[in-house]
């Protein structure tokens, strides 16, 4: 059975995220471990972490995935921003360890005009610094590097960029990949049909290695292929379309992975409706 979920809120308490995921029939889910829009945060209380672990353990769903906050920029050439980004990454690894969450997803950031090579180097240095500063329990957490749509100065839109960063880090075994389908499509990887998907997975294998793919952010794309626009839309209703989304969900290399949707909630569909759409498309076509 394909594992399908969405990003859910932690409003009220982090343990309530499990209830919210169960209420809309998630098999897996993603959260922010704290307010994602600021640098400051409250420490995660041991009691709250224990409540989350207990709720998750009895729910029968998982894996749970934590996403890094919005502000960190691991590729930044600005020392203060880079240092704060390393601190944020170190803290999130610790929080994942407390929550017993196996995966932490991070964007790689922007090089601010310094060039892709410089950006890759800063990301590698940031990851190594966070790993060296983190507590021993954090070594159980796998850091997943997420591909980008290829917006200006971004790092990680090409699979080979992610592969180079991973291989250059001091402990690559602690690093995997989360592939966002909208971002990949916007970056120029075709996912609309079987031929396009096969070529995209070949590029992933060549650039990174398919064995390092652990989570898929399943999002349809509002903008066309190669647009470099990060615009998510409802599953099957965008430019990737039903055929493309179904092909991703049923591909034998991908079908066993957790699929997490980061789609809008609006008058067209809410999260529950997108999950139902994904389940329908996850049935292999005759």
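Yeah, the Cβs are placed from backbone N, Cα and C, and that goes for glycine too.
As recorded in Swiss-Prot:
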type    : residues           : note
BINDING : 67, 107, 146       : Zn(2+) 1 binding site
BINDING : 146, 180, 217, 262 : Zn(2+) 2 binding site
BINDING : 183, 230, 232      : Zn(2+) 3 binding site
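With respect to Cβ neighbours within 10 Å, the binding-site residues 180, 230, 262 differ, and 262 shows the lowest count.
Spacing of residue 67 (Zn(2+) 1 binding site) relative to residue 217 (Zn(2+) 2 binding site) is 11 Å (Cα to Cα, whole number). On its own chain, residue 146 (Zn(2+) 1 binding site) has 105, 106, 107, 108, 156, 177, 178, 179, 180, 183, 217 as residues at least 6 apart in sequence with a Cβ closer than 8 Å to its own Cβ.
Rounded to a whole number, the distance between the Cα atoms of residue 262 (Zn(2+) 2 binding site) and residue 232 (Zn(2+) 3 binding site) is 7 Å.
In this structure the alpha carbons, written CA, of residue 262 (Zn(2+) 2 binding site) and residue 230 (Zn(2+) 3 binding site) are 12 Å apart.
Counting Cβ atoms from all protein chains shown, residue 232 (Zn(2+) 3 binding site) has 21 others lying within 10 Å of its own Cβ. Within 10 Å of the C-beta atom of residue 217 (Zn(2+) 2 binding site) sit 26 other C-beta atoms, taking all shown protein chains into account.
Residue 230 (Zn(2+) 3 binding site) falls within neither a helix nor a strand when secondary structure is assigned with DSSP, and so counts as coil. Just so you know, the Cβ of residue 183 (Zn(2+) 3 binding site) picks up 27 other Cβ atoms within 10 Å once every protein chain is counted. Annotation note: residue 180 (Zn(2+) 2 binding site) sits in a strand segment as assigned by DSSP.
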